[in-house]
Amino acid sequence: MRPPAGLPSLSRRSRILLVVAVVVAALLLVGPRLIGMYTDWLWFGEVGYRGVFTKVLLTRFVLFLVVGIVVGAIVWLAMLLAYRARPVFVPVSGPNDPIARYRTTVMSRLRLFGVIIPVAIGILSGLIAQANWVTIQLFLNGQPFGITDPQFNLDVGFYTFDLPFYRFVLNWLFVSILLAFVANLVTHYVFGGIKLAGRAGTFTTAARVQLAVIAGTFVLLKAVAYWFDRYSLMSSSRKEPTFTGPGFTDINAVLPAKLILLSIAVICALAFFASIFTRDLRIPAMAVALLVLSSVLVGAVYPMIVEQFSVKPNAAQKESTYIERNIEATRQAYGITEENVDYVDYPGVGTKQPQDVPADRTTIANTRLLDPTILSPTFTAQRQLKNFYGFPQTLNVDRYEQDGQLRDFVVAARELSPNNLSGNQTDWINKHTVYTHGNGFVAAQANEVTAVQGDSQNNTGGYPIYSVSDLTTTPENENLKVDNPRSYYGEVISQSDADYSIVGSVDGEGPREYDTDTSKYTYTGSGGVSIGNWFNRLAFAAKYTERNILFSSAIGSNSKIIFKRDPKERVEEVAPWLTTDGAAYPAVVDGKMQWIIDGYTTAQDYPYAQRSSLDGLVEDSIDQTTGRLIPRQEFSYIRNSVKATVDAYDGTVTLYQVDEQDPVLKAWMGVFPNTVKPKSEISDDLQAHFRYPEDMFKVQREMLAKYHVDDPSEFFTNNAFWSVPSDPTIDTSANQPPYYVLVGDKDTAKADFRLTSPMVGFSRELLSAYISVANDKENYGKFTVLQLPTDTQTQGPQQAQSAMTSDSRVASEVSLLKQSNKIQYGNLLTLPIAEGGILYVEPLYSQRNSQNAFPQLARVLVSFSDTNGIRIGYAPTVSEAISQIWPGAGSAATVTQPAPDPDTGAQPETPTTPTAPAPPASSDDVTKALAEVNSAMAALKSAQQSGDFTSYGAALDRLQKAVDAYQALPR
């Protein structure tokens, strides 16, 4: 009989070509990764965090080796045992027996198959497992929380640090045993240990014993998994969205079921081991059937019966204890316990005149007019200087001392904007060696603008009043002065595709970088990676696929390449364990321009705490407008434990510990020692610019919307819940963002910088609460929640917006403005005022319908409701608008300053108070003038439709006269 043929062998030439192809493919696959690792290694050395890079790399590598070796070794051992126990003689069933052919092939390349398969499986397993380096390091460096869960009385640290590691180990043991079972089974089959004949198969003793041991081990691991499943119940999602954590069914049905299934799994494993001696596989088969049946009946059907027939008919009573646990745990996990939150009953109706309340006078004086989400085009038009400079799409709000008083400012760094380069500016030399940095820090006091004219169509006022610190300008306010205003790192700079610049002196050549029209500059900072040697130049040329880096004469022995210029990216690289806030903002700290970034530590599986996701909680109208990408990161514990700074000139990254109690941060400080500086090293000037982060606040306000409720029954019905109001200034239903405001402290009347948000009733529009959090050093992170009565009739943001825009004065003038302008409603601020009342303030911006136009403040709208109804103020200034509600109260507001020269945009050196306005026109005069405007517009439309040019011209003249008459009325 002719023996089965093996696989055909390759010729020598074919083998050489195959080897070359494999090497080339490996280089293409691995080469860019190696280059990236090398340039990253250089970068981490530049910023002083190379220990982070090596620690992460080493942890990944060790994890890759350990898991790869363990999984590969178990598979190899299973194959080896099966091969060594093969029958001595294996009869061939016929000339076409396929197994015989495979057996011959394997025997001819025994070492190849015996090594390649386990090695390949091990490598693949290691590559997958190394991504879990965080789990390993947190297990090795975990810290106690000092809080225990209410069910097992275990420290929360067990659930956040230990349990994920045990699950990780258990999962890979499952994978290893399952792969070993398959490998052992296939090997026995190929070498005759298992024969399939007719409807039944036969096993050799060795095959039966080995497979029974492996299967028994697998079931034994399942028993261990059932034990750990009990702890995983502490983050059960069965009762979501009502609450997170185990409810009545989980505790009284699922938890006992896990112990029952554990016992059955142990019995099943023993049955497999017993089959080694009984030589009867029917017993373990019956045990497996029992385990499967029990999993269905005990693990699923019984809990379902309890849930449907015992819990649901009495849910409020049955779940009461577990809702209490959820409330307490969620408050702890999100930092909204009674230690941090002060609840204050607030009537919602004013009881005094604002001018009689010192704190209200401070609030009115600091009412913010400038909206940082609208004014970027205005900053660009008036303070850009050069086409290659730019400002971010959304500006920032911060506070500084001005004339001894705390004031809030809209601030921005004037950054390099590589995407704005045009013409020859985009040449590689110019783009990467000439236009390398931004110039200046620009601030505008948020409660001041140049004088707005009574004529809303006039475009000479309503602009920010700037304080600029750059290479040619020094601000009067020393707190805004930057010693070195050049910025090599920033949000705008990093938005270009290849965000790198090459700096440093070249022997024999003068400065190359653009500084001003009359001077050039050579970078002298510590930032940047040296590319003075050819090896580094080659690495970066390959990284950016740019040959000019190799051959350009603009690069010398002292040259450095600056890359990774986004402040947030730099922080995320040196602290990969942090989740960063969406807003990085510039601040002048000790004479330097610093980017400040908030960092969050998070954890999953906090027992009974509500599970959340950033993308589900923090997105608001601003995020929708800017298209910001929010990470889909789930967590049930969060702390703002780290404040990071990035120097705008040299890129130095510094991490500061601001929460000394956070066990997650302590764990990471154990993983990466000496990377986070203690709180004591934060300077007073830096502390003065710390803001409570917006993303953290948005997460906490969502939690407070539910978890301010103490009573489980009330919690279950949702009756007392709040909601984040939708932003009334846009057309979508996106959440209203929180706003930074300066308000008067109720005790001292001093200006207090706070982050605020109104809250409306659940599925209602009336105001239910007002949440604010302090930003000053003494009270940082302390919440104040003003709770309105449940029967309140205080208008919410949507209602206030509707009331203001439907006012006859507002509606008529806005309709007129829209004829030739784009109208934008600015941030609708909610301000507690008048000892119990709520004042809404909203700037109205206009922008002409022309290519180079930009927004300017046109009007200010205010709204206040009390027992006498809703009162609306509408005027060019805050002072006038508030005085329309409370005569004389607006005198506390900051007066506007004269408009700048329209040609230069420069502000006057000495602010002056505008002359007193003429007495306002009577309402009858205004009504008549508006009626004439409307009538003239109707006549114009009729003449246009008729096609009569004579009538059209007359109607146009009539409309112009009507508009002039309306605008001439004193306001």
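Any Cβ shown, glycine's included, is placed from N, Cα and C.
Taken from Swiss-Prot, the feature transmembrane segment covers 16-36 (among others), and the record attributes it to sequence analysis.
Long-range contacts of the transmembrane segment (61-81) within its own chain (CB-CB distance under 8 A, at least 6 residues past either end) are made by residues 114-115, 117-119, 121-123, 125-127, 129-130, 132-133, 136, 172, 175-177, 179-181, 183-184, 187, 206, 210, 214. As annotated by Swiss-Prot, transmembrane segment applies to 61-81 (among others).
Residues annotated as transmembrane segment in Swiss-Prot: 112-132 (among others).
Per Swiss-Prot, transmembrane segment is recorded for 172-192 (among others), and the stated evidence type is sequence analysis. Outside the transmembrane segment (172-192), and at least 6 residues removed from its termini, the chain residues within Cβ reach (under 8 Å) are 67, 70-71, 74-75, 77-79, 81-83, 85-87, 90, 99, 102-103, 106, 117-118, 121, 125, 129, 203-204, 206-207, 210-211, 214-215, 217-218, 221, 225.
Annotation source Swiss-Prot lists transmembrane segment at 209-229 (among others).
Per Swiss-Prot, the feature transmembrane segment maps to 257-277 (among others); the stated evidence is sequence analysis. When Cβ-Cβ distances below 8 Å are used as the criterion, the transmembrane segment (257-277) is approached by residues 208-209, 212-213, 215-217, 219-220, 222-223, 226-227, 229-230, 233, 283-284, 286-288, 290-291, 294-295, 298-299, 302-303 of the same chain, each at least six residues removed from its ends.
According to Swiss-Prot, the transmembrane segment annotation covers 286-306 (among others), on the basis of sequence analysis.
The region 'Disordered' feature in Swiss-Prot is assigned to 890-927.
Beyond the ends of the transmembrane segment (112-132), by six or more residues, the same chain brings 60-61, 63-69, 71-73, 75-76, 79-80, 83, 106, 168, 172, 175, 179, 183 to within a C-beta distance below 8 angstroms of the stretch.
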